[in-house]
Amino acid sequence: MNTNQRIITIGTICLIVGIISLLLQIGNIILLWMSHSIQTGEKSHPKVCNQSVITYENNTWVNQTYVNISNTNIAAGQGVTPIILAGNSSLCPISGWAIYSKDNSIRIGSKGDIFVMREPFISCSHLECRTFFLTQGALLNDRHSNGTVKDRSPYRTLMSCPIGEAPSPYNSRFESVAWSASACHDGMGWLTIGISGPDNGAVAVLKYNGIITDTIKSWRNKILRTQESECVCINGSCFTIMTDGPSNGQASYKLFKMEKGKIIKSIELDAPNYHYEECSCYPDTGKVVCVCRDNWHASNRPWVSFDQNLDYQIGYICSGVFGDNPRSNDGKGNCGPVLSNGANGVKGFSFRYGNGVWIGRTKSISSRRGFEMIWDPNGWTETDSSFSMKQDIIALTDWSGYSGSFVQHPELTGMNCIRPCFWVELIRGQPKESTIWTSGSSISFCGVNSGTASWSWPDGADLPFTIDK
């Protein structure tokens, strides 16, 4: 075969290969068109998916940390029917507390992308429970985590994620710019309250379903602040309490009633010699009960109870089982402030049952270590220090921190009563440990009328991290 014949043969082969490739591409186009036509035809028949629920689940690995990006239920041809959370039921009768969630965020944060945060709290709608938290605009084990022991900065934001998940940029939802916050669901939408700005002129921004609906300007210009736990919704109205004034003396306290994020009523408490901060509030038979922190002068906790018209009663938990930290050793209680070792404090909670009270408190009387639940059958009204039950939550040797209440409504649980629950913040890092950062994880428990366990569920992270060395 001469040179010209070789060239002709090679050219012919190339031409044949090109034609075959072209035919294959045309075939692919035809198949894709047919597939699309079939799918389009199926979509024109809604009866195929009528009243069905299709679940899409996307997962990914980020820095070797498993993160569930979304788990969204889409009802074909249907929307989620809004309801109104009534809040008229009484608290469920309980005999103890069952562990509900633990996010292990500090342990996971040694390797994964986890927010530096504090002041976590939990709130539930009729469909889900979410963990809310105040970030520092930084991740664990990163240089921007340096100095995050500071409470108030322009970088702090309120965000939320599904309960029990470690809060990361991949599963968290932005809620508000805030260094003090609250949130709750009325059955139709999320209300968020985020306070930010300078100490002498902060502003609370109210959002309903993510849209700004109202604001509250600091009225004493001395660090306006709110609950750091969920607000309360009853029959379409939501309620919160705010403080403005000194943290170590008489301050000003206001109750607010809101509907769809708009303030419709507010009153200032007449409470001389009382100190209310960081109140943990819950609904009970159509009223709101708040148990708060006295940072001024008491070892026991103040409370305020009010109806939907903001008519209120005030007092201190009478029990000689004291709930604040630091505090005196248990002894003789008082239905006013117990002044011994009462300066400073920590956010906490209690649940009233008639004359009795479940008291959540640190095990240590002087530092934020350990946690326990105590049932005092007459502690709301009597001053002795006897109690009938104690359940261990965190060992004395392990760090705890803030704690607060949340509830699960009958519309979520299917029960005929409001289930009481609580969360505990497990603070790690500065100022007690050799790190450049301060952050926390959280655990939560819910009340049950069946078997429970006493144990310790600590944070468990091995410190310091690489960034700290």
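For all residues, glycine too, the Cβ spot is worked out from N, Cα and C.
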Note = Checking Swiss-Prot: of Cys279, Cys318, the cysteine bonded to Cys292 via disulfide is Cys279
Task = Going by Swiss-Prot, Asp294, Asp324 bind Ca(2+); tell me which of Asn309, Asn334, Asn344 is listed for that site too.
result = Asn344
Inquiry  = Give me the sequence-ordered set of same-chain residues, not including Asp294, Asp324, Asn344, with a C-beta within 8 angstroms of the centroid of the Ca(2+) site's C-beta atoms.
reply    = His275, Arg293, Asn295, Trp296, His297, Ala298, Ser299, Asn325, Pro326, Arg327, Gly342, Ala343, Gly345, Val346
Spatial neighbours of Asp151 (active site, proton donor/acceptor), counting only the recorded positions Glu278, Asp294, Cys318, Asn344, Arg368, Tyr402 and Cα distances within 10 Å = none
Key: For the disulfide-bonded residues Cys92, Cys129, Cys290, Cys335, Cys446, the one whose C-beta sees the most other C-beta atoms within 10 angstroms   = Cys290
Key: Cys417 (disulfide bond): secondary structure state under DSSP, collapsed to three categories   = coil
Key: Lowest local Cβ density among Cys124, Cys233, Cys238, Cys279, Cys281, which the record lists as disulfide-bonded residues, within 10 Å   = Cys124
Remark   = Rounded Cα distance, in Å, between Cys124 (disulfide bond) and Arg118 (substrate binding site) is 19
